[in-house]
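K.L.:
This structure is in structure tokens; I'll ask about it shortly.
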Amino acid sequence: MSEAIQTAKSSKPIASRLSVGELMRSPAMGAFVGMVLVFCIFAAFGYHKNFISIVGFANWMNFASMIGIVAIPVGFLMVAGELDISVGAIMPASAMTLGILCGPYELPLGIGMLITFAMAAVIGCINGILVTRTQVPSFIVTLATLFAVGGLTLTLSVIFVNRPQVAYEAPELAKALLGDRYFGFRASVFWWILLSGILYFILHKSPWGNWIFAVGGDPESARNAGIPVNRLKISLFVLSAVCTAFAGMLQVAAFNSAQSATNFPLIFNTIIACVVGGVVLTGGFGTLIGIFLGTMTLGIVQQGIGYTDIDRNLSQLIIGIMLLAAVLMNGTFQKLATSWSTGKKED
Amino acid sequence: MNDAKTVLELRNVDKSFGPIDVLHKINLSVKAGEVLCLLGDNGAGKSTLIKTMAGVHAPTSGEILMDGKPVSFSGPKAAQEAGIACVHQFGGTFPLMSISRSFFAGVEPTKGWGPFKVFDRKKANEIAVHEVRNFGITRIDDGDRLVGGLSGGERQSLAIARAVYFGARVLILDEPTAALGVKQSAHVLRIVNEAKRRGLAVIFITHQVMHALAVGDHFAVLIRGAIAADFKQGEKTREEIADLMAGGESMADLEAKVGVQA
Ligand SMILES: Nc1ncnc2c1ncn2[C@@H]1O[C@H](COP(=O)(O)OP(=O)(O)OP(=O)(O)O)[C@@H](O)[C@H]1O
Ligand SMILES: [Mg+2]
């Protein structure tokens, strides 16, 4: 022990050591290494089927973008110590609302979008208020709203359009902005990147982001430090619902239809993307870049498997292993991150 | 009666939770630049007493005076704004946040304009490191380090430095040394002395007589929710204090009886 410290002290070039350490302890490092690893494996097994091509790249990025737009705000909630699984119902509810309003009911798209966003915001608000007012864990609260919203969507769809789905083709400009493909990439990929940029600024640069970490780290201390904990959490639930609604709209624009069935895979996919991206489930820690990389990794595994001779069903196994590895790694990285700071100058 | 100013004073404070009476007729005061040690057995009501001072609980009856004026706090935030800061055994810091981010949690310095205000990391790091080092923790030189990498004593010190920087006049420490080893405790006691030197009124809760004697100017022993003894440094021996803390009322009674017979 003391020997190790001695050598650490005697090695002089601290500046270069620090930058390497900085990089190593960067919480997104694990997610990056994981993604590169998964990419290389799939590139090797999928080479003969053109996994490495613009089309291959676009294929899994398109898939990832839909998850990514939802995973980032869900990740924010996880950093703040909460969970939101109601997104699985908010996405179809929003898609159906937009589809019904602008399809059979012929409202202008702009108005339909506004109403849809408002509806999602209300659901997010209900989630937030229930979680902050009652002491019920957010997992249970959003599980309840997941089923409530899911059931309501199905029922109302049948009432309004007699069917659990609806067709709607967006006007040309809207389709170009929200649904079309460019070089194989759907508009949702560009929206995902743009949203990531904005939310990166909020989480890591703005004072508001600092509050999110503080609330997840220790809610009592955060409250004592004057952070409006409840208001912050409600805003995060609203953010998550509104982003999910946007993803639902992108889906309608891309596929010219909306389905009312609850999107259960989305729930798991967003949580997996966050955890693989290094977000700590108990709150207080996470990075946007990590969530982004985690979503990409998930996209590669779920879509990239089609480019290989590996049995499709095995992608589930791979995801399971990946998730376990990520959770174990997150723990190690946390230890590394905290111990690095003292290991340097022990005395 | 003394030259130093009384900052916080409790007059006949009672506190009950429904039918449970926890505090009875508490009269207590603490002056600027003084350390008041609050001693007492488990369940004596020490934590309840300081929570009442810090705005967590409202007194059932009685008065709290600050600078001689009666005050009533709507919550811990209001007490904090009045200058009463509470540092808990583990709380006050966020393990997975950087030192400077945790130092400024809730009051982040920003630069830029409008919606593009960004957290001023450089300024935050400079201030946080400077303040913490001023309290004698010279081991901290990088505000980007995570709080989780600090020792328990350093975390306490960070929380204290933070409270002082944000204008605390009364510093309440609930068993800050309970989870710490000898060296780390000494560290915290040094910080307590530094806070006192800067003119803060410190209220210090501990179960360890040694720690109390090391920093205390004024001692109050709480037994079953009432002040059983209130004395100055040097007025009682270590043995007497230990008896008061450990044995409580019955021990004191016994002692008195023995004293009468002798
Ligand atoms: N919110 C509450 N409701 C009911 N009773 C309470 C409440 N808070 C504290 N008490 C009671 O008040 C008494 C004093 O508790 P308190 O926590 O103040 O003791 P303490 O002196 O801090 O003990 P310790 O040394 O173990 O920290 C205990 O009997 C406790 O059960
Ligand atoms: Mg206590």
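Just so it is clear, glycine is given a Cβ too, placed from its N, Cα and C backbone atoms.
In case it's useful when we look at the structure, here is the feature table from TrEMBL:
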TRANSMEM  A:28-48  transmembrane segment
TRANSMEM  A:60-79  transmembrane segment
TRANSMEM  A:109-130  transmembrane segment
TRANSMEM  A:136-161  transmembrane segment
TRANSMEM  A:182-203  transmembrane segment
TRANSMEM  A:234-254  transmembrane segment
TRANSMEM  A:266-294  transmembrane segment
TRANSMEM  A:314-333  transmembrane segment
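Could you place these features in context, so I can see how deep they sit and what lies close by?
P.N.:
For the transmembrane segment (A:60-79), same-chain residues at least 6 beyond its ends with a Cβ under 8 Å from one of its own Cβ atoms are 87, 91, 138, 184-186, 188-189, 191-192, 195-196, 199, 203, 212-213, 216, 233, 236-237, 239-240, 242-244, 246-247, 250-251, 266, 269-271, 273-274, 277, 279-281, 283-286, 288, 291-292, 294-296, 298-300, 302-304.
Residues 84, 86, 90, 93-94, 97-98, 101-102, 136, 138, 141-142, 145, 149, 170-171, 174, 230, 233-242, 244-246, 248-249 of the same chain lie 6 or more positions beyond the ends of the transmembrane segment (A:109-130) yet place their CB under 8 Å from a CB of it.
For the transmembrane segment (A:234-254), the residues of the chain that approach it from at least six positions outside its boundaries are 66, 69-70, 72-74, 76-77, 80, 82, 84, 86-87, 90-95, 98-99, 113, 116-117, 119-121, 123-125, 127-129, 131-132, 168, 170, 174-175, 177-179, 186-188, 191, 195, 212, judged by C-beta separation under 8 angstroms.
The list of residues near the transmembrane segment (A:314-333) in space but at least 6 beyond its ends in sequence, with Cβ under 8 angstroms from a Cβ of it, reads 25, 27, 29-31, 34, 38, 272, 275-276, 278, 280-281, 294, 297-298, 301-302, 305.
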K.L.:
Counting only residues 6 or more past its boundaries, what in the same chain has a CB within less than 8 Å of a CB in the transmembrane segment (A:136-161)?
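P.N.:
Apart from its flanks, the transmembrane segment (A:136-161) reaches 77, 82-86, 88-90, 92-93, 96, 100, 103-104, 123, 126-127, 130, 260-262, 267.
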